[in-house]
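The next block holds one structure in the form of structure tokens; read it before the comments.
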Amino acid sequence: MHARALFCIAFIAVMRLGYAAVTAPPRPPTQTPSTTVHTTPELQTVACPDDILAHSSTGDPVVLDWPPPNAPSGLDTVTGTHNPGDSFRVGSTIVLYVFSDSLGSRQESCTFNVTVLIGDAPPVITCPNDVTALADAGTLRKSVTWPDVPEQQAEFRLSYQNYQPGDVFVLGVTVVAYQWQRQSQEEYFTCSFTVTVDTRVKCPEDVVAYTAQEATTVTWTPPSAPESTGDVSTTSTLSPGDVFPIGPTVVRYDFVGQSLGIPQTCNFTVEVIFDDVLPIVICPDNITGVAPQGAEGRPTSWEEPEASDDSEGVRLRNQSHRSGQIFPLGTTVVTYEFEDLAGNVGRCSFRITVEEEYVEPITVTNCPVAGFNLSVEYIRGTPGNRLGIISPRAEGPRTYETRVPGYERYFDVGVTPVVYTFTDVSNPRNTAKCAFNLTIIPQCGNPDHTLCDGGSQTTGDVCKPTSTLSLCESEGSGYSESTSYEESQGFSGANCEDKICGDVGLLDSCTDSHEWQDAMATDYPEGDIGFVSRFAVPAISQDSIHLTAVRVAWGQFDELYSPEITGNRRGVFIFVDISTPLRKSVENFWVYPGLTTPETAEVTLQVPHSVQPGDIIAITVGYVENRWYPCYDPRPIQSRCTDCLSIQFRTLAADCEVSDTCLRAYQWWKGVQAPDGSDMSQFLRPPPLPGYLSCMMENHDTAIEEIVKPCLSPAEFQYVSPDQTAAVGESVSLVCVGTGLVQPVVEWYDVNDVVQVRGNGSAVLRVSVESTPQSFQCFLDRYTKRAVMHETVTTVSPIAGECASLSAELRQFSTDESGCFSLSKRMGYGRYAYFLTDWMTEVFIFQITVSSSVLRGELVNQYGKDAVPDVVSVVLEMSPDYSLPQRKRRGARRPVLEMYRRQYDSMYVPNDPATILKFDLTPPLRANASFGWAVFFSVPNLRRYGGRRGEEIGQPPLAVALNCSKSTSPACTDDLVAPWSNELQRYDQAGCDTDRSNRSLHEAFRICRNISVADPQIVVSPSSADVTGIGEEEPATVTFDCYIENAVEYRWYKTAPAPSETFIRTGNQLVFQGFLQSRDQGAYVCEGIPGKSLENENVPKVRTEPATLTLTEVTTFKVTMKLLNPTYTEDLAVTDSEDFRNLQSELERSFWYPVTGNLQEEMGREYGIEFEILAFRRGSIVAEVVVFFRRFRFRGECEGPCTLTEPTGDLALQERLTAAIQERPETSELMVESESINVVNLVSCLQEVYLEGNLTFPQTRLGQTAQSLNLCPHFTTRAGMPRATRDCVGDFTSQPQWKEPVILKCFEGDVTENLDELANMPVTSENAEEVAQETASLTSNASAISPMALTSVAGILKNLVDANNTSPEVAVQIVEIVNNVLQIDDEAILDEASRDNSPSLIVLSLESFVTALHNSGAGNFTEVQSSVAVQALSLPRRALSNGLGFASSLGDPGTNDLTDNQTYVFTKEDPPMETEASIFLPAEILDKIPKTGDSEQVPISFFLYQNSRLFRSPTLNEVTRPEDRVRRAVGSRVIAATVEGVKIDNLRMPVSSVFSLLNASGENETVGSAECVFWDFTLNNGYGDWSTEGCRNESLPNGVIRCLCDHLTSFAVIVDIHGQQDSVFLDVISKIGCAVSVVALIITLVTYLYSKKIRTKRPQQILISLCFALLGLYFMFLVGIEATASRGGCTFVAVSIHYFTLASIAWMAVEATNMYLLFVRVLNANVSHFLLKASIAAWGLPLVIVVIILAADYTQYEHPNYCFLKPGNAIYYGQILPIGLVLLFNFVIFTLVTRKLTCARKTIGSSSDKSHRQERLRRLQNAVAISVLLGLTWVFGLLSVIQAASFAFQVLFAICNSLQGLMIFVLFCARQKEVHQVWREMFPCKRDAQRRGAVSGTGLDSSTRGGIPLSSKGTKTTDFSEASQTQS
């Protein structure tokens, strides 16, 4: 608020109004101290919360909270039926808490009621505390006060109050009551408290203490006087803590004080009782237990001892051991000590003896000797044989057997150590071994086989068929063209033929074969060298050319027809040596010269050669006779032939890339799909058989794939490592895995484009972290046409400085230097699973490590080699080992053990024994001597292959665990866990990568120590599941995962559908496995139990949100029904009570079995029907029953696998069930109230149409997400995809509900491009709705709309109008589009778009569409969006007989958004004043509307725009002058009305539009004149502009403008806005001037009031009154104009400023009247009692005006920004009008007085220029003095409204008015010698006394008529009296 506002009150302060909320500071709550007297210690009991009362306005369940009760000492287990945060339904619910110890031997419980009522909640009333006061001295009364009761919400009013603070209360207790009434209904709410007036101080109760000594100290809470007696002093005979002897002692307190009157006395007794009897303690009997062999001890539990004593309390003082801890071998004494209140200690003890278990030894028989030899047949690929003939046996206890090497292992030639291990099943530590060395001696068992050198050290000698020995030197494994001879030798070549046929089929589908090419030249060297034929590769293709076949005319080789060869009839091997620029190969075939025909062989190359046009190919031929030693080198062919060799090439088929023929052939060739496209997964190739091995050709398949690869789809990335960070010097691995129909070549490149590593299918790059980041990128098949580059670069960066230091500090915590860590490790063993057992003590496993090769072998055996990629998600499952002995007491139940399951995503699992994979367990798993784990690995979503475990090379699974039995000292808890946890927190806050291994160890250490370092935090919550429970192939498995950080224990509860929750089990996973039952369905929650906190002992438990389990084939309903004839008992609330079971049995027998039986008979065998009675509640008896409909086909009816039938709809099932219950058989035992039966579906959200967007969602199961049935249109980028998704949620206690849908955008990419595409596409009546819907979706984000996009929107709207689809759905979307455009707040975008008039076109399109909507007869239409409202009405003519209006009421403060309830239609001419905009059409418009036939309907449309952003006016832009800080803007809403098909103009009765002006001005701007305008589409080339033609405006109260126009269109109000200049400068001037004037006025008043001589005349008295008025005005302005913090204080300041302003003006009028009488009228100027009459008028009339305003509306003084009148009638008529009238009157008087004085001086002559100058100066002084007295400087305020000189006049106004007091002081004090004389009298001095006589002659002339001299020129002084005498 600017200080100059005071002086602009009349004219310019109104222009600077604003709005701001003023909030009083909150009153601090009242606190009343309480006094508690402690006597003897009491045993701890359970304190339950008070009963809770809550309200539900809609009847829905409400969520409630309360402080959980504290558990008593020793009762650590807490079970509650409900927990804080649960929801409660309407009615009463009993909440039960049960506290028990760990053994269950002791229990305590507490209950309280929770009641939920339907209706609005009562107000929260905070009543004062009870008040206690002492009566005043000598009386029986007391005046008592208390804090004010807080005000309630606006809907409540205080209707009754029986006492007020400060009332006098009599002796005794008085109830003070307050009552409020809800204004909307007859509903009352009260609060009360008591006021107690007493004459005495309250004493403590008597105190009792016990002791075994002669005396003891006793304490109590001393009494005190009430707060109202603050002057009271207290004395006592004894004090708390003094020593008291045995027996009673009286303690006296004396209170003395004036407020008490008579002294007060307080007495109570302290009694000390002697007690030397020890407490009686009963201990358990001695305990004897057995520990497993090798164990250090065993855990032992017992029931806690009980103690009793004569005194009132006894406590446990000490115990040597805890129940459940591990006791060592031998005997241990356990001692308990209990202490009573007197300090007597009773003890008891018992012994615990732990013996070692006897173990029966294991004896091994049939163990071979150390050098056992075995001769086996040696087959290629199987070097050795399985060891199946040796069978060592174990005798003694039952054992299981393991062997190293494994059972599936083939043994190598030579010596292999073999170890058999036999393990006792009941005691894994009891083992025996059989060890020996196995020696394998190779031999060929088949006489037709020969043992040959394999050619390498790794292969060794191998057995080969003698007929194929020539293959051992070739690069491949050849095949024979003649199978007849092979079959005669017992060797089938069918497998080779199948292989070749498959290759040819694939090549024929993907490539084209070319003509045979003959040699271009043949060389015949001399000597023993054979001929060489050379071929040139032709230019037959630009892509790839492959040499695939060679044709050999071997009949031309003379060497083959020698008698030695033809005579032995054994045939020869022919070798063809092929050499190309890239590689060499040898092909061979077997022929029989003289027998085989034809004598030409076409040899298909095992590995085709890739060649380029122009390459030279060289081929030579040799042969080997069969009778020679098979491994000799071939002999060359030297026969001369011209055309004995030809070659054939293949190139890619022309259409292989677009045809699926090649793809299907390749899939069949790989064994995945048959040529006809049918699935061949069940016909996958079996493992190679021995006969097939001869056809396995090395590199053959790879070469075939290389040929067809360009025809197949390109490779894709399966996994690429993300960015990595590690410490400098550490090594990280970057993994890149590609996949495709053909395994791609994977390569890592650095930033210099240098390949770092290469691999087939995957590549792993190991990088050493350096001080600077390193970047790498992965490529697939880079040197092919189908190269693929990964889109992102992987960066390896060093850890930042802070993270590096924190990481080092964390590693130090996990070292064993502190002695706090004792790690144990166990290697997994077993044949079908890895078992982790043999733990000696209690441990927590926090990590599993395994060799990568072992894990990969395990996964390959399960799923097959081709199914497991290198990067895979691995599921680690750990189940309890139930084979371990479970020693337990008789009758004890076997504990429910946890199962751990966690999925580790994106793990790289190469076949590398050196790579160790780590699996961190969160949370860690507990294990001990009797509790182990079995480890399994699996891969999700892969079909199991069913293989068995093969050979393992590398480390099997290894468990790393923390030993909990070591280092329990405090240094390993408080001193370690807290700083460790702090470091982990700092590590997270710094944004460093989380080290899970360190965290897992930290969690294990915390759980071992039972420490909670922080409140539990939910990390992983269980997710709802909907599964098939019948399991067609294998039982269903559902796992609920839960991980709560800082929890040391997990508990699972089933919370629904039963009203009371049920404890299920412990552990972080809840697993449902097998054939799930209907009763397994429900809601489950996971609860995390914290450990003992280091800082807070009461760490709260944490519960996850419920996760629901539903079965797909089961539909579940909940039925509630009221039973009339049984009587409710409390036992019916307990499900295991006899009353519950009896009523349950009766209800089942007489009601539900008949109902479900009839229903089952009606529905046939489609469903199985079950039911379960859950509970009985109050309300007569309300039974809750769930009914399950399980859909299936009975197995006897299944011809094949049983499958689910088509389901009956849930709604139909619900109707059938309801009908069956209503038609139930009549029973005499139970009566059911039919009206009370309610059936609710618990598992499905029914199909629903979401009206906003017209989206349909199908019936969906609980916990699932539904996709809308509405799909994206074909012209969108997401064509065919759902438009929205929606979640079905519920808690399995009531009908599931739909959540709000998630709308998905059908377009992706740039909004402008998408809108342009929509604008250019044809819009028809059929696709108009889809186009409108997508346009609305694209424009929903206003910030993304560009000028071009706005142009496209205008085009789309025009197309929609032309499409002639006037459905309401299209109309709603069009209004939404316009509303979205109105959200654009960037004026530059709108200005740019207005160049092609797009905004105006959008308005035209909207109005045109509504016109078309009317013409189509669609009926009435109303749509209200946040920024636009449209209402189209078709009304009968008679409805317009009185006119029709449309209005928008004022919305909620702080928002400009329209709502549905803001707009309305009215029929009175004047709408309610609380409107933002309204328009009223007079009845005269009926004369303008012609009747058309019999139609009496009149189509009228109303439009309301919340802003004018679419109305871009060139005129407003032209008027705007930024350099002058002047602009014009629309200052109201825009409202429009149209009558379809009729032009309404030239009305006699105008159209009335009423607007509330908006705050259109900015900071330092003021609003000037307002003008009514309408949007004229005939201007601006038909696009429209604002015009005033035919419109005029009227001003209404409260800043409301009424526009009266003679036509219809869009109306608004334009305002002029002017910038304010240098307001700070004006503020400073105003405040300084006011302060100076205050000082000047005080001096003036003191001076005139001091001297009676100068205040006796009338002018001086008037001057004094004027000074008082101005002083009050200045002072209140300075201290209070901006004091808006206090509402009452600000109102007082506003009233005072208003009053003193009017009083100042009034006294100026009095001054003017007095001057008129003195200087103008002169004769008969005396008015009797003038001053009295003037005082009454000047002080009274302003008071009358202020009182009238206060009485009419006191809120006019509550301005939000400063303390003065609000703009409106009050300031116009109560401030501006009086000031204006007075100023006009004073100006007239000023003119008359000045004229009189001037004319009077003309008669005075002077002979000198100096005299003339002095005369003119005196006249000027007279004029200034008169103007100051008359307040004429206030005219500057009026002139400041002139814009051209506004700032200049504001400066003059601020200076003159703020300094008016100073000018009065200068003119009427400082320049008057009479005043100087008065000052000398007030402050006399020696010099003044000497001069007193000299100045005495200048005193006031007694003959004057009260004039005050205005000149100091001695005898030439001019005064008003002189002037008057001259006139007379």
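The chain as shown is numbered from 1 upward.
Yeah, the Cβs are placed from backbone N, Cα and C, and that goes for glycine too.
TrEMBL labels come from automatic prediction, so no person has curated them.
Per TrEMBL, the feature compositional bias 'Polar residues' maps to 1912-1928.
Here TrEMBL flags 37-118 (among others) as domain 'HYR'.
Taken from TrEMBL, the feature domain 'HYR' applies to 119-199 (among others).
Per-residue confidence over the domain 'HYR' (274-356) averages out at a pLDDT of 87. Residues or ranges marked as domain 'HYR' by TrEMBL: 274-356 (among others).
Among the features that TrEMBL reports, domain 'Ig-like' is placed at 710-794 (among others).
The feature domain 'Ig-like' is assigned by TrEMBL to 1016-1086 (among others).
Summarising the annotation, TrEMBL assigns domain 'GAIN-B' to 1457-1621.
TrEMBL lists 1626-1872 with the feature domain 'G-protein coupled receptors family 2 profile 2'.
Per TrEMBL, region 'Disordered' is recorded for 219-239 (among others).
Per TrEMBL, the feature region 'Disordered' maps to 292-318 (among others).
Per TrEMBL, the feature region 'Disordered' maps to 1894-1928 (among others).
The signal peptide feature in TrEMBL is assigned to 1-20.
What TrEMBL lists as transmembrane segment is 1628-1650 (among others).
The annotation transmembrane segment is assigned in TrEMBL to 1662-1685 (among others).
For 1697-1718 (among others), the entry in TrEMBL reads transmembrane segment.
Within the same chain, residues 1658, 1661-1662, 1665, 1669, 1695, 1698-1699, 1701-1703, 1706-1707, 1709-1710, 1713-1714, 1717, 1765, 1770, 1774, 1778 sit at least 6 positions outside the transmembrane segment (1730-1752) and bring their C-beta atoms closer than 8 Å to a C-beta of that stretch. TrEMBL lists 1730-1752 (among others) with the feature transmembrane segment.
The DSSP breakdown of the domain 'HYR' (274-356) into helical (H, G, I), extended (E, B) and coil residues amounts to 0 helix, 47 strand, 36 coil. Helix, strand and coil content of the domain 'Ig-like' (1016-1086), in residues and according to DSSP, is 3 helix, 42 strand, 26 coil. Residues in the domain 'Ig-like' (710-794) partition by DSSP class (helix H, G, I; strand E, B; coil) as 2 helix, 46 strand, 37 coil. Note: the domain 'HYR' (119-199) comprises 0 helix, 39 strand, 42 coil (DSSP; helix = H, G, I, strand = E, B).
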